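Swiss-Prot has this to say about the protein:
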BINDING   ARG193, ARG194, GLY195, LYS196, THR312, SER524  CoA binding site
BINDING   GLY388, GLU389, PRO390, ASP412, THR413, TRP414, TRP415, GLN416, THR417, ASP501, ARG516  ATP binding site
BINDING   VAL538, HIS540, VAL543  Mg(2+) binding site
MOD_RES   LYS610  N6-acetyllysine
Amino acid sequence: MSNESLANLLKEERRFAPPADLAANANVTAEAYEQAKADRLGFWAEQARRLTWAKEPTETLDWSNPPFAKWFKDGTLNVAYNCVDRHVEAGNGDRVAIHFEGESGDSRALTYAQLKDEVSKAANALLELGVQKGDRVAIYMPMIPETAIAMLACARIGAAHSVVFGGFSSDALATRIQDADARVVITADGGYRRGKPSALKPAVDEAVERAGIVEHVLVVRRTGQDVAWDDSRDKWWHETVDGQSAEHTPEAFDAEHPLFILYTSGTTGKPKGILHTSGGYLTQTAYTHWAVFDLKPETDVFWCTADVGWVTGHSYIVYGPLANGATQVMYEGTPDTPHQGRFWEIVQKYGVTILYTAPTAIRTFMKWGDDIPAKFDLSSLRVLGSVGEPINPEAWIWYRKNIGADATPVVDTWWQTETGAMMITPLPGVTHAKPGSAQRPLPGISATVVDDEANEVPNGGGGYLVLTEPWPSMLRTIWGDDQRFIDTYWSRFEGKYFAGDGAKKDDDGDIWLLGRVDDVMLVSGHNISTTEVESALVSHPSVAEAAVVGATDETTGQAIVAFVILRGTTAESEDLVAELRNHVGATLGPIAKPKRILPVSELPKTRSGKIMRRLLRDVAENRQVGDVTTLADSTVMDLIQTKLPAAPSED
């Protein structure tokens with residue numbers, strides 16, 4: 001990939017200064033960058049002091065055996081104590097920790113004092129089932145408070161949890177149970193999704209059968225649906241946990257004690273079990289949650305819309321917010337049940353002040369229309385966040401304008417399952433924000449963009465995003481496979497962490513993420529990022545969402561093929577397709593014009609909302625469509641395939 005190839009095609013000139021009152025009272029000011037630059041390890045040692053340690057660490061970082069980092073290694077702490085007990089001891093036991101909103105409209109509030117009792121009871125129940133320090137527990141749950149309680153109960157007794165998203169198949173669950181050697185599974189009869197109960201227990205029964213190692217299955221009753229039952233193995237949560245003592249004294253564990261394993265899909269073969277440990281992970285998740293959202297725990301109401309099954313839910317529903325003593329909303333269901341204004345109804349009901357959601361959701365809201373959020377009082381919101389993939393500038397502007405009253409900062413956060421916590425993001429009280437850019441590494445984080453030879457690219461240049469210094473919440477290894485850890489993340493550039501993202505620096509040196517490197521297309525010798533072409537398409541008033549892939553082309557090497565979802569009532573026509581093609585040409589340059597544009601009703605997405613471009617590539621190249629098991633709706637691909645041959649092409 002040549003330097004100029006990813007040069008900044010898209011010029012974004014809009015800037016948004018921080019609101020004056022927020023900047024004046026911000027938790028983190030511009031000085032933090034200078035302080036961290038002057039003494040990076042001292043900076044992280046200071047952030048670690050925001051936690052409560054049983055034994056304070058004297059050593060910040062041991063990097064004697066790279067790439068295996070040890071942070072705060074002589075310190076000891078209990079993660080659950082930090083997330084629950086210490087707030088009760090500080091006199092905040094009556095503060096609401098979780099406002100739970102069920103999809104069907106049921107709700108309950110859990111205070112920190114109640115959460116402490118529930119976590120203690122669950123910890124005692126796990127001990128009774130024979131779970132010991134160092135064991136692994138698999139969790140396959142809907143979005144209900146018991147999911148967070150189960151995770152914290154594991155942390156409390158020193159057992160590592162492996163949460164598997166409730167949308168995954170029994171096969172996926174079985175391989176994860178086997179890989180982690182989990183002897184206990186915590187699940188529910190089901191959860192509510194799109195207005196009806198969605199069963200979870202049958203997948204667990206199949207997975208447990210296949211794995212052959214599970215001794216106990218603990219089942220929360222959520223929906224009341226019928227479940228198959230094995231008396232020798234299955235236990236109801238309410239019968240096992242509710243009767244336990246609410247007294248449990250948490251033990252302090254080493255800072256490097258395993259906290260959880262979270263599986264992420266590998267490009268090849270079996271999923272990778274990403275291992276996170278205790279002290280460094282909690283230090284960085286707590287700090288970033290407090291800094292990036294400017295959290296004031298006494299007054300803010302935080303809502304992260306992710307599922308706990310993803311890293312965003314681990315770091316910014318369970319660990320970061322609770323370590324900071326925040327009050328937050330947890331919502332079980334989908335954004336359009338029972339109506340398309342459900343998210344805004346929830347913001348209004350709880351007075352949500354900080355909202356953290358994904359670009360895929362924002363683009364969906366755009367498609368549904370501006371009039372829906374306009375019906376609700378969203379004036380409580382003061383900071384908006386985005387996570388999961390690069391956000392198109394137009395979606396960013398829509399989010400700020402329609403959800404944030406054209407006044408709230410939008411923090412576009414880049415990080416990964418592997419990084420554990422936010423890495424590159426604006427700060428709401430400091431940064432003059434640019435729509436579509438994550439901008440700069442947080443204080444204490446070292447990231448840059450390099451070319452093929454690992455040389456840092458100049459401003460205006462593009463290449464690969466790398467992390468050049470260890471960070472507290474970094475993955476420690478791939479569970480059971482140190483060699484794969486080295487090969488996957490540390491082999492491409494000597495001494496640098498690289499996880500597959502392309503990026504560019506603009507003329508100010510700010511970082512723009514360009515999606516996965518395999519989402520970079522080579523058209524007539526020019527590298528063109530799918531993210532930029534998608535952003536150009538979405539900036540057209542008729543387009544709600546776009547997915548772009550490169551398809552092999554005899555003439556140009558790769559041809560750009562775009563799949564677009566039109567807004568609201570827009571009718572598809574050949575004229576519109578030509579207009580969109582010209583719009584991309586005018587926005588990015590003629591080289592970036594898609595060869596084919598196909599209006600579709602839906603795009604293939606994983607259950608976490610990421611677009612599965614590889615499947616679209618299969619369609620665009622007339623191949624048999626590959627593995628669709630992680631798709632939220634596998635019928636989408638059939639619809640797209642039947643339509644493609646008729647789509648006009650620009651020859």
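Placed from the backbone N, Cα and C atoms, the Cβ positions cover glycine too.
Features as recorded by Swiss-Prot, highlighted on the structure.
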residue	record	DSSP class
ARG193	CoA binding site	strand
THR312	CoA binding site	helix
GLY388	ATP binding site	coil
TRP415	ATP binding site	coil
VAL538	Mg(2+) binding site	helix
VAL543	Mg(2+) binding site	strand
Cβ neighbours within the same chain of THR312 (CoA binding site) - under 8 Å, at least six residues apart: CYS304, ALA306, TYR356, VAL387, GLY388
Count of other CB atoms lying within 10 Å of the CB belonging to THR413 (ATP binding site): 23
C-alpha spacing of PRO390 (ATP binding site) relative to HIS540 (Mg(2+) binding site), in angstrom: 18
Least surrounded among the binding-site residues, given as GLY195, GLY388, PRO390, when other CB atoms within 10 Å are counted: GLY195
Pairwise CA distance, LYS196 (CoA binding site) versus ARG516 (ATP binding site), rounded so that it is a whole Å: 35
When distances run from the Cα of ARG516 (ATP binding site) to each of the recorded positions ARG193, GLY195, VAL538, VAL543, LYS610, the nearest one: LYS610
Secondary-structure category, per DSSP, in which the residue listed as 'N6-acetyllysine' falls: coil
Among ARG194, ARG516 [binding-site residues], residue with fewest other Cβ within 10 Å: ARG194
Spatially closest candidate among ARG193, GLY195, LYS610, the listed recorded positions, to THR417 (ATP binding site) (Cα to Cα): LYS610
Candidates ARG194, VAL543, LYS610 (recorded positions) - the one closest to THR413 (ATP binding site) by CA: LYS610
Sparsest-packed of the listed recorded positions (ARG193, LYS196, HIS540, LYS610) - C-beta count within 10 angstroms: LYS196
Fewest other Cβ within 10 angstroms of its own Cβ, chosen from the binding-site residues VAL538, VAL543: VAL538
Under 8 Å by Cβ from TRP415 (ATP binding site), counting only residues of that chain that are 6 or more apart: VAL387, ALA421, MET422, MET423, ILE424
8 Å Cβ shell about VAL538, HIS540, VAL543 centroid, Mg(2+) site members excluded: GLU394, ALA536, LEU537, SER539, PRO541, SER542, ALA544, ALA546, VAL564, ARG567, LEU580, HIS583
